[in-house]
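A short write-up of the structure that comes next.
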Amino acid sequence: MFECWLVSKDGKHGRIRLPHAETVVIGRGPETQITDKKCSRHQVQLMADCNKGYVKVKQMGTNPTSINGVDIGNEHKVELKPGHTLYIVNNLYPYMIEFLEGSTNPRAKIENENRSSSKRTPENSLNVDTETPRKLVKKESNVSPSSSSGRISSCPTQGKSNVQEVKSQGHWSQDLKVSMQDPTMQVFKDDKIVVIKDKYPKARYHWLVLPWQSIASLKVLRAEHLELVQHMDAVGHNIAREHTNSKCAPFRFGYHAIPSMSHVHLHVISQDFDSPCLKNKKHWNSFTTDYFLESQAVIEMLKTHGKVNVKERISDVLKTPLLCHMCKKEQATMPQLKEHLKKHWPT
C-alpha cells in the first residue's frame, strides 16, 4: 500500500506522515512551525485514504482553510488530491500531498524523507538551470513524431531509470518535476521556462511549456506572473512553428482548468489528436471543451482581473458526450471518434 505524506511547499520542515484511515490534526505549533495567531492549534483535520489516493480535509479553526484558493468552510469535508494545494489558513502556509510506496522500515524511511526535505527548498528544487538562456541541440526524437509517417506508433512507456526516480520522489502527479529536468525530454529551455515532450502525447505533436518557478495551478497566478505567462505563450508558438510544416493540423495553446500534475504547464498540441495515448472520454474532453483554457484567455484575465477565474464544477464537462471538435458530430465511443477524426486530417 502507498503511504501518504503532507509536504510543506515552503520547505520549512520535514514531511508529515498521514497514516491510512487515521485522523491527523495540524495547525499552529512546532510540527508545522506556524506561529500565526490567526491559525488555530487545531486548524485542520486530515484523514488519508491511501487506496483511493486522496485526503479528506475538514476545517476546524475559525479562519478559513482553502484548497487551490477555494475556501472549504466548516461544514464539509473536501477531498485533497495530488496536484492540489492546501492553504492552512487565510491562503497562507501551502501544503501538498504525496503518495509513496510503503517502506519495510518506516523509521528509516521517515528519517530519510525528513533529511531530504530539510535540504530542499522551492528555489533549489526547480531552478536547476540559471545559466545564460540557451537553446538545446534539438534531436529528431525530441521534436518530432516517432515514425516517418508523422504518427506516433505506440504510447511511450517510462524508461527504467525514470520510473525508479519518479517512484523514489513521490506520486505520479509529481512526474513533471522529474521530466522537466531530464535532458532527454527537453526541447528548449531558458532562464524562465523549459519545454518538454509530453510523455503521453494526445496528438502527433504535443509539448508542455513549464516555468522553472514553482506554481501549482492557474488559481495561484496573479498579475505579477503576466510577463512569465506571455513568455510561455510566445515560446509555445515558436516551438510549433519551428517543428511542424504547412501540412500539419493547426495547434491550440492552453491550460487545463484543473491540472493533473502539481506544476502549472501550457499545452502546445496539434489538433489531429492522432495518438494511441488518447484513450478515453476524459482525455478527449479535457482538450476540446471549456476545461481547456486558451493561453490568450488566461493572459487577458491576468491583465484585466489580476487572476485566473476557473468556473465552479468545471470538472463536470469531462463527462459530457464525445463531440468531434471540428464538425461537432457526436460519436458513441472513442474508437468510433478516432476513426471519424481521420476525415479531418490534413491531406
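Glycine too: its Cβ is placed from the backbone N, Cα and C atoms.
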Annotated stretch (zinc finger, per Swiss-Prot) among the listed ranges 184-206, 207-229, 253-275, 322-344: 322-344
Remote residues contacting the motif 'Histidine triad motif' (263-267) - C-beta distance under 8 A, at least 6 residues beyond either end: 176-177, 180, 198, 206-211, 214-218, 220-221, 232-233, 236, 252-256, 287, 292, 295
Counts by DSSP class (helix H/G/I, strand E/B, coil) across the region 'Interaction with DNA substrate' (198-202): 0 helix, 0 strand, 5 coil
